[in-house]
């Protein structure tokens, strides 16, 4: 009986497609019957890869094909964590994406379309508003760069019509089959991603495009950077993506010191301890508990406990007040345990020719894995330091403007203006060399000394540091 139902559903769908191609009217009752069969799962086990056949027909209208693919949903897209591409030339990374093409093919693009739709209406009126099909080539082009160390998240925001986080988040979950592995509700996941994305205010820096940039950075550390091979567990990989997606949810565009000084509600709620970071992850969990957004309901209890602990640890680690403490633990504990190179060495030339030996796995100790993921998210959080110069400079300018806005607020409240936040004085664009030397380079040197595959990331960060250094030398010479 089950086989008969599947065969009937597939036949009905093919008949509907055939009528559409011939320009004939389609019986709405038949469409609804197929739709309900899909929702019941009657078509998920079809013996042929019908979604590939649909998009392979040149005469099939693109809008029609994409919407049919959205109905089919829930299929595995590509291989899981394919090996990193072979080479890196400083700008473009050679190699192919899973599934045989740089972009993952039309099926992968369709899952982006599904994620970038308007939030699903609970009455069942789904898939109303998707990204225009005319944007597909541009979207494919940007997704083809998602495995590169040097990424332009602003371009992703443009081609997804302002939905970079939900589109990329859903696409990655589909690409690596996490939806199937954790039995996620794909519809509620799309709703959750869109709601999280909408919860990022339009700040100059801490916005949804920044979150998408961090997500892409974490993705590169997992795939190109070899992190997934050393983790050895799906929960840690899943946590990495979710932490990047939620790490600045509902950010106020103000730092923790300001919130504490003015007695903000969040400072009182969290006893002045990382109020912003505590809110990001707590608010995300509260959203996840709501019926319409509980996409993770079927996860086993033990995995849920593990996932929740990792998410909390990772997001709280993004508070810069914890930076030196966390990095010190990473250096003194893991780098010794994994027999890595000297973390303080600015010259990593000895890593230029990577060893063919398999890297040591991270221990099964949960604390060790958590610490690695914390430092990984910290690297991804400032991943724009490795972006092409124009992209990186735009991010720094955005952060400077966000700082200046806090300074403006402090002035209006007759408070002492925080350092680098007075728009009448030099901002962070005049102090980047110090930030690189004290914070950024030690962080990335430490990471690459354990994960040698990330050496190209370090080189890209060094390139941008040298640009800032040249600008500073020019200013100093001009002031004499």
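Backbone N, Cα and C define each Cβ position, glycine as well.
TrEMBL does not curate its annotations; it predicts them automatically.
Keep in mind it's a predicted model, so treat the numbers as computed, not measured.
TrEMBL has this to say about the protein:
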type     : residues                               : note
DOMAIN   : 131-475                                : domain 'PDEase'
ACT_SITE : 206                                    : active site, proton donor
BINDING  : 206, 207, 208, 209, 210, 248, 381, 432 : AMP binding site
BINDING  : 210, 247, 248, 381                     : Zn(2+) 1 binding site
BINDING  : 248                                    : Zn(2+) 2 binding site
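For residue 208 (AMP binding site), the same-chain residues 6+ apart in sequence whose C-beta sits under 8 angstroms from its C-beta are 157, 162, 163, 164, 165, 197, 200.
Its Cβ placed at the centre, residue 209 (AMP binding site) has 23 other Cβ atoms within 10 Å. Residue 209 (AMP binding site) and residue 247 (Zn(2+) 1 binding site) have their C-alpha atoms 12 Å apart, to the nearest angstrom. Cα distances from residue 206 (active site, proton donor) to the binding-site residues 247, 248, 381, 432 are smallest for 248. Listed in chain order, the extra residues whose Cβ falls within 8 Å of the Cβ center of the Zn(2+) 1 site residues 210, 247, 248, 381 are 206, 211, 214, 244, 251, 318. In this model, the domain 'PDEase' (131-475) carries an average pLDDT of 90. Residue 432 (AMP binding site) has a Cβ environment of 22 other Cβ atoms inside 10 Å. Other Cβ atoms within 10 Å of the Cβ of residue 247 (Zn(2+) 1 binding site) number 27 in total over all chains. For the binding-site residues listed here (248, 381), the lowest count of other CB atoms within 10 A around the CB belongs to 381.
Using a 10 Å radius centred on the Cβ of residue 206 (active site, proton donor) and all shown protein chains, the other Cβ atoms total 24.
A gap of 11 Å separates the Cα atoms of residue 207 (AMP binding site) and residue 247 (Zn(2+) 1 binding site).
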